[in-house]
C-alpha cells in the first residue's frame, strides 16, 4: 500500500486561507472590541483588507502563471485542489464581487440592528467557499465548498432578526437549498458507485470498466449532481426561490446571491460538465440547451410584469442565468463564452444592485422600492440615475452598454457556430422581452416624478458610492475594451 | 444653334424661378413672365425658320442600365410644335396680364405658366424619351397647379386632382412604354429608337407603342382617359386656352407624330388608336352638343378635335395630324380666349346667362366667329384645310378595311355634329335676347392686353391654312362642308323657332345622357374610385387588427404567459420544491432517454 | 450481498424523505425529512465503498462529511425556524407566504400610473 | 489598409462623442447656451463630412477611401474598420447635414423641456447613424446599428406626444427583434467564412459560402434590416413611432434611421450573399410591391398627417427594396438614390408636419380643416412642394429612385423570373399612381378650400429658423431632381463593383 500522506502547497491555498484567517480575526475582534459605530467600520475595513489580501495572493498566483495543484493522491495521480486558469477567473470574480458586497454591507450594517462580527464572518466564509469551489477537483471538495457557499448565506439572510420577511426568506432559501443539496449528494453517491472514484479527473476513466456504467445510472447521477449547481444559478426548475429570497434578504445578500453564489454554481457546472466530462457531451448538451431556453424564458416572463425593483432584478438575473447557460447548450466549447458572459454580467448586475441599495438607503421607507419610486431619479440624484440606466442598458445588451452587447454577441456567436439555431432564436426573442422591462425601468428614471410625491432625500452613502463606482468603472472598461474579458475567458485557456 | 434651343427651354424656367422668388410686385411678375415667353417664341421661330435639324447632348447619365442622354434634338416637327407652344404661351401670358392682374396670386400663376412653357418645350425638343418624360410630367404638374389656382373652391381642387391622377394613370403606361421601346432599341434616344425599330420584334413594338398610347390618351384626353379635361375647365380661362386646348393636350399627338415610324410599324396599335379616336370624336362632339357651360362645350370640342388628329395618325398621315394640331392650337386658343372675354364680361360660364353679346362685344364676336368657322371647318378658315387633310387621310385609309371605313364614317358624322354644336354655341352666346346679368359693372370688351392676343390669334386661326400649300381634296372638302352646314342648319332651324330656348332640346331624351357625357364619370367612380377608397379603409382596418394586431397580440401573449407563471410563484416553499422535483424528474427521464 | 439491496433501501429512504418534505407542513418535520434524505445518501456511500473495495475509502470519507454537513444544516435550520417562530408565531410552511408575487391588482398600479403619466405631460 | 485621411472618418464619430461628453461638464447651462452648443457641435461634425466629400476621389468612387482599420476585440474578430465609398458617402453627408439641420430647427423651437438631455440624445444618435454608414466590419456595423436604439427610444419616450410611452416601447422592442435576427445572420456569415471584414467578404462575392447557408443568412440579415427599413408587414412600429415622436425625432427617424436598414442591403446582404440574394429576391420584390400599394392605400385613409407621412415611408421604402430585389446595377442605384431622396423629402415633410402641429396644435387632417394656403401661404406652398417631390415628380429628387427601380424591375438580373418582375413593375407603377392620389387628396384637404374653424394658435408663417433648416433640403431636392448625375455618378461605379464578377 503506497503512502497516501499528502504534502500541501500552501501557496496554492493561500487565498482561501487568508480569507479564513481574516474570518477568525473578525470574529475575535468582534468579541473583544466594544460595540459602537466605529468598531462596525473597523470590522468592515478589516474584512475588506482580508479580501484584498486574498485578491493580492490570487494575483500573485496568476502572475506566476503556472498551474498549482495540491492534495494529490498517487497512482493514478489526481489532485483535489488545483489552481489553474478557470480557478483564477472564478476566484477573482468572487473576490472582486466580494469587495463590492462588503462595501454595500458597510452601509447595511450602519443601522446597528444587525450583529456585525457575525455578518462579516459569515460573508468571509461564503467567500472562502466561493473561491475554493472552482479549485475543487474532487466531489468531496466540491460538495463541501458548495455547502460553504450556501450555509453562511442562510444565516446572512436571516440575520435581520427583527424582520419576519428576512426569516421567511431564509426558510425558503434553506429549504430549497437543502433539498437540492440532498439530491446532489444522492447523485454524488450514485456517481461514486458507478465510477469508483470521487476525483473528477478519474470519473471518465472510472466509468469505462464499470458494469453499471452501461445502464442509465451515470446519466441520472450526472443530472442529480447538476441539481445542486442548478439551484445556485437558479435555473429552471430550481428558480422559484429567487424572487422571494432576494426580496426578503437584505440587498447585499441579494447581490451576493446573484453574483458570487451564482458564479460558484457556474464554476461547479463547468467543472462537472466540461472539465471532468464524465459522459459524452451528446447526453447533457441538449438538456442544458433546453434548460437554458426555459430559464431565460421563464425569468424574462416573470420579470416582465414586475413592479418591485428587487424582484425584477431577481427574475432578470434568472433570465441572465439562462443566457450564461446557453453557450453550454451548444457544446462543451461554449464554456468560454459562458465565462465571458458571467464576468460581464457580474459587473453589470452588481452595479445595478449597488444603485438600488443607494436609492433605497436614501429613503428607508422603501425596501428596495417599486419601480414607481425610481421615477424622476434623474432629478434627485443624477449620478445614481445615470449609473442605474447604464447598468440596465448593459443588462439589456444595447449600446451604450457595450459590455452587455458584446456579452450577448459572444453567446450568440457560440450558438450560431454550434449550430443550435433554435436556441439562438429563443434567446433572440428573450432579448426583446428582456428589453421591455429594462427599458420600462430606465424610462421611469428619466420621467418626471408624479406631482404631489414627497420630496425624497438625495442618495448619499460613501461606501455604496464607491461600490457603484467600482462597478461603473469595470463595466465601462469592459465596454471599451472587452478584449480583457475575452482574454481571460478564451476557450484555449480553459483546456 | 443648340444653345438657342436650350435657351428657349431654359428662359421660361428662369422666368418661373424669378417669378416665384422675386420681389412681390405684379409688375415684376408680369415682366418676368412675358419677356422670357416672348424671347422663347422668337427663338422657337428662329429654329423653325432655320429648318436645319439641331441636336446636341449635354451629358450622359449612367444609370447602371441604359444611360439617359440629357440633350435636345430639334426636328422640323419639333420646331413647328415649338412655335405653336411658345406663341400660344406668349399670347396667354400677355392676355393674363389683363385677365388676372388683380388676382392676388398672379405671381405664382404666371410663374406656373412659365414653368409649363419650359416643360412643353422640353417635351418638344427632347432628344431622349426619359428627358421627354420629365417635361411631360412637369406639364402635368403645372396643369394641376393651374386648374387648382382658385383652390378656395373645393370643386376646383377636386378637378385639379382628377386631372393629375387621370393623366398620371396614362403616364405610368407611358413610362413603361418608354422602357419597352428603350430596351428594344438599346437606347432611350428617340433617334436611336426611330432608326432601330426594325430590329425589334412586332410584339415589342405593339406592346411598347400601346403603352405609350396610354400616356397619349391621358395627356391628349382621349377616350377612355378623357374625363379630366371637361372638369379642368375649372381653372382660369387662359389656362383652359393654353394648356387644355392648344398645347398640353397636343403633346400626346406630338409624341405619336414624333415616333411615327415606330407607330407605323405597329398596325395593331394604329387600329386601337383609330378605335379610340372614333369613339372619342363622336362621343365628345355629342357631349358638346348638350353642354350649357361654354367652356365645357369647348372642352368637349377639344377632345373631339384631338380625336380627329388621332384618327389621322391612325390613318398613317402624321402630317395631316400635325397640320390640324397647329390650326387647332390656334383656333381653339382663340375660342377660349374669346370665351374668356365673354365670361369676363358676363361673369358666368353658362350660356343660359349669355346672349345678344354681338352688339356689346363686336371684336370678340368677330374673332370668335372666325374661331367657330375654323372649328366647323368652313373655308377659308384654317380648320377647313387641316380637317380636310385629316378626313382625306382617313378616307384614303377607309379603302383598306371595314374598321377603317367605320372610322371614316364616324369622322364624317362628327363633322356634322361639330357644325351643330358650334352653331349652337355661337347663336346662344352672341344672338338672341340679351340676358340680364346682375353684375354689369364691366363695360366694353375688356382691357387691351386681353383683346390684342385675341386679335393676333385670329390671324393664324383664319389664315394658317394657306401656309401649307396643299390644295384641298375636292371630294372630302365638299362632303365635309356640306355635312357641317347640315348640322349647323338643323340647329339654326330649331333656334329660329324659339330664340330663348336651347336648341339642344332637339335631342329629347338623349339630352341628359349627352350632357353627362354618357355617364363615364359615374361609371369610373363606381368602378375605380369607390373601390379604391373601400380598399384603403380595409387596409387601414387590416393594418390595425391583423398586422399590428399580431404584434400587439404577441405582447399580450407574453403578458398572459407571465401571468400564468406568476400564478406558480405563490410564496409557498413546498410548491417551489414540488416544482423543482417534478422538473428534475422530467430532466432525469430525459437524460436517461438520451443516454 | 448484492449491491442492489442497500441501494434499494437507500432509494426508499430518500423517497420517504422527499415525501416528507413535500407533505409536512411543519417546518421541523420537513427538516427531519431532509435528514432522512441525507442519511439515504450516507447509506449509499458506505455500501458502494464496500462494494467497490475503494482503497482510498472515498465513500466513507464523504459520508463523514455528509454527517457534518447534515448537522450544520440542521443547526442552521433550527435557528432559522426559531427566528421565524419569534417573528411569526408559526412554523407552518404554507402560512409563510408574505413573500410572493403580488396580486395582479396590486401590480396593475404600475401600468395604470404609467399610462396616466403618458397623458399628463 | 489605413490611409492618413482615415482620421476624417474618426473625427465624424469623435466630434459628436466629445460633444455629448461635454454636456456633462457644462454646469447649469442656459437654454440659449444649449441651443448654440447643439448647433456648434453638429456643425463641427458637418465639417469632416464636408471634408470627406471634398477630398473624396470621385474618379475612383468604387474604392473604399479614407479607410481606417485597427483591431478592437480580437476575441470576437471585431476590427474597428471604417471607410467610405460611393455607396456610403452620400448617406454620411446626408446624416451629418440632417442632424445639423435638426439642431438649427431646435434653435427656434420654443419650450423644449430638458434640452440638455435632448441635445445629448441627438448627438448619441448621430454617432450611431454615422457609424453605421462608415463601418466596414459586420459586427461593428451591428454595434452602431444598435447605438441608435436607446437615444431614439428616449427621444420618443420623453419628448413625444400623448401616447409616446407605448410607441417608444414598440419601436425599441420591434427594432431590437430585428437587430437580433440581423446579428444571427451576421454571425452565421462569420461562422462560415471566419471573417467579419465587409470589404473582404464583398470582394469574395459569396465564394466559400454554400448556397443553403447564403439563403438562410440572407433571410436572417434581410429580416433584420427589413424591420428597420421597414418592409411590409414588419412596419407597424413606424406609424406609431412617427406619430408620437417630436419633430426632430421624426425627421431623423425617417431621414436617416430607415436608411440604415436599406443601406445594410447594399453594403452587406447583396454583395456578401449573392446567391442568397438571388434566391430570395423574388420574395423581397413581392413584399416590396405589396408594401408600395399597401402603404399608399393606408395613406389614403389616414386622418393624421404625421401618420400618413409615416405610411408613405412604407411605400417609398418599397420602391427602394424593389430596386434591391432586381439585383441589377440600375435597381441598386435606384435604391441608393431613393434612399437619399426619401431622406431629404420625408425629412422636409416631417419638419413641415411638425411646424403645422406646432401652429395648429393638432396634425389631424379633418381638424385642420383646410385653406392653409390662405392662412399660411408659405408653409402651405412648402408642403405642396414637399408632397409633389414625394409623389415622384420628375425634376425633383423623388422621381429618379422610383423610375430607376421600375426600370430595374423591367429587366431584372439574369436568372430572376422576368414575368414576375414585370408584374412587380406594373404593381409598382400602380403604386406611383396611388402615391400621387393620397398626397394630392391630402393637399386638397389641408391646403385647399376655405379655412376651417380651427385657428392656428400661432399665425405666423414660416419663421427664419425654419427657413434655415428647410431651404437646404429644398435646394438639395431640386439639385438631385434636376441633376441626378450628381448622385448617380458616385453610386454607379461602386454598385458596378459591388455586383461585379457575377
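Glycine too: its Cβ is placed from the backbone N, Cα and C atoms.
For the transmembrane segment (B:28-47), the residues of the chain that approach it from at least six positions outside its boundaries are 1, 4-5, 7-9, 11-12, 14-15, 18-19, 22, 54, 74, 79, 82-83, 85-87, 89-90, 93-94, 96-97, 101, 106-107, 110-111, 113-114, 117, 121, judged by C-beta separation under 8 angstroms. Feature annotation from TrEMBL assigns transmembrane segment to B:28-47 (among others).
According to TrEMBL, the feature domain 'NADH-Ubiquinone oxidoreductase (complex I) chain 5 N-terminal' maps to B:61-109. Mapped onto DSSP helix, strand and coil, the domain 'NADH-Ubiquinone oxidoreductase (complex I) chain 5 N-terminal' (B:61-109) counts 29 helix, 8 strand, 12 coil.
The transmembrane segment annotation in TrEMBL covers B:78-97 (among others). Taking Cβ pairs closer than 8 Å, the transmembrane segment (B:78-97) reaches residues 8, 12, 30, 33-34, 37-38, 40-41, 43-45, 47-48, 50-51, 106, 109-110, 113-114, 116-117, 120-121, 124-125, 236, 238-239, 241-242, 246-247, 250, 254, 258, 322, 325-326, 329-330, 333, 337, 340, 449-450, 452-454, 456-457 in its own chain, all 6 or more past its ends.
Taken from TrEMBL, the feature transmembrane segment applies to B:109-127 (among others).
What TrEMBL records for B:126-397 is domain 'NADH:quinone oxidoreductase/Mrp antiporter transmembrane'.
For B:163-188 (among others), the entry in TrEMBL reads transmembrane segment.
Tertiary neighbourhood of the transmembrane segment (B:200-218): same-chain residues 136, 166-178, 180-181, 184-185, 224-226, 252-253, 255-256, 259, 262-263, 265-266, 268-269, 272-273, 276, 310, selected by CB-CB distance under 8 Å and a gap of 6+ residues from either end. What TrEMBL lists as transmembrane segment is B:200-218 (among others).
The transmembrane segment annotation in TrEMBL covers B:272-290 (among others). Tertiary neighbourhood of the transmembrane segment (B:272-290): same-chain residues 210, 213, 217, 222-224, 226, 230, 256, 263, 296-311, 313-315, 403-404, 406-407, 410-411, 413-414, 417-418, 420-421, 424, 504, 507, 510-512, 514-515, 517-518, selected by CB-CB distance under 8 Å and a gap of 6+ residues from either end.
Counting only same-chain residues 6+ beyond the ends of the transmembrane segment (B:297-315), those with a CB under 8 A from a CB of the stretch are 216, 220-223, 226, 229-230, 232-233, 240, 244-245, 249-250, 252-253, 256-257, 260, 263, 270-271, 273-274, 276-282, 284-285, 287-288, 291, 321-322, 324-325, 328, 332, 335-336, 339, 351, 375, 387, 389-391, 393-394, 396-397, 404, 407, 411, 414, 418, 421-422, 425, 517. The transmembrane segment annotation in TrEMBL covers B:297-315 (among others).
Beyond the transmembrane segment (B:321-343), the same-chain residues lying 6 or more positions past its ends with a Cβ under 8 Å from any Cβ of the stretch are 77, 80-81, 84, 88, 91-92, 95, 99, 237-238, 240-242, 245-247, 250, 253-254, 256-257, 294-295, 298, 301-302, 305-306, 308-310, 312-313, 349, 354, 357, 361, 364, 367-368, 370-372, 374-375, 381-383, 385-387, 389-390, 429, 445-446, 450-451, 453-454, 457-458, 460-461, 464-465, 468. Annotation source TrEMBL lists transmembrane segment at B:321-343 (among others).
Beyond the ends of the transmembrane segment (B:363-385), by six or more residues, the same chain brings 301, 305, 323-324, 327-328, 330-332, 334-335, 338-339, 341-342, 357, 415, 418-419, 422-423, 425-426, 429-430, 445-446, 451, 454-455, 457-458, 460-466, 468, 470, 472, 477, 480-481, 484-485, 488 to within a C-beta distance below 8 angstroms of the stretch. According to TrEMBL, the transmembrane segment annotation covers B:363-385 (among others).
Tertiary neighbourhood of the transmembrane segment (B:448-468): same-chain residues 88, 91-92, 94-95, 97-99, 323, 326-327, 330-331, 333-334, 337-338, 340-341, 344, 363-364, 366-367, 370-371, 374, 380-386, selected by CB-CB distance under 8 Å and a gap of 6+ residues from either end. Here TrEMBL flags B:448-468 (among others) as transmembrane segment.
According to TrEMBL, the transmembrane segment annotation covers B:474-495 (among others).
Positions annotated as transmembrane segment by TrEMBL: B:575-594 (among others). Proximity of distant same-chain residues to the transmembrane segment (B:575-594), defined by a Cβ-Cβ separation under 8 Å and at least 6 residues beyond the stretch ends, is recorded for 568.
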Beyond the flanks of the transmembrane segment (B:109-127) by 6 or more, those residues with Cβ under 8 Å of it: 5, 8-13, 15-20, 29-30, 32-33, 36-37, 40, 44, 55-57, 69, 71-74, 78, 81-82, 85-86, 89, 92-93, 96, 100, 103, 134-136, 138-139, 142-143, 145-146, 149, 189-191, 236, 238-239, 242-243, 247-248, 251, 254-255
Segment-level pLDDT (mean, integer) for the domain 'NADH-Ubiquinone oxidoreductase (complex I) chain 5 N-terminal' (B:61-109): 86
